[in-house]
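Q: I grabbed these lines from Swiss-Prot:
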type	residues	note
CARBOHYD	Asn91	N-linked glycosylation site
CARBOHYD	Asn123	N-linked glycosylation site
Amino acid sequence: MINSSSKKNLISTFSSMFTICIVMIFVTCYETFQQDGEPFPIRGPLTRITVKNNNDYLLGIHCKSKDDDLGFHIHKEGELYGWKFHVNFQNSTLYFCGFSQGQDNKGVFDIDRAERDFYRCRNCTWNAKKDSLYGYSNLPQTVTWFFKWLK
């Protein structure tokens, strides 16, 4: 006959073994699951950001998050600038970008704030125009957000 203490130890052992098996299955299958050619995200869905320069001048763009500095880039009229990332588990991912025309600062704006944009778009498009920066939703392709240039 199994006493109460032995029964608890047996249940604890089986529970630990079950947990280890689940973790091993997940680790083994991790690379099998793909999303748009990327490994299955542990944190959150894959998001793509694209900024198009629709101005007749060179547009400077410098984007960052808490963890990543994407560097400064200069784009001609019609050129695209973009990157992709996974939203973090806490849904607090934030990318902000500074825009400039030569020495003129056009502004620094939150280009992707997960709490604001999580349902707005997965492929987020921003168009830099003469007066403002316009953000579009996935469907329908309508302006849902815009930032007015400082100058």
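Each residue, glycine too, has its Cβ placed from N, Cα and C.
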Q: Taking each of the glycosylation sites Asn91, Asn123 in turn and counting other Cβ atoms within 10 Å of its Cβ, which one has the fewest?
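A: Relative to the other glycosylation sites in Asn91, Asn123, Asn91 has the fewest Cβ atoms within 10 Å.
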Q: I'm trying to understand the geometry here, so how far is the Cα atom of Asn123 (N-linked glycosylation site) from the Cα atom of Asn91 (N-linked glycosylation site), in Å to the nearest whole number?
A: 17
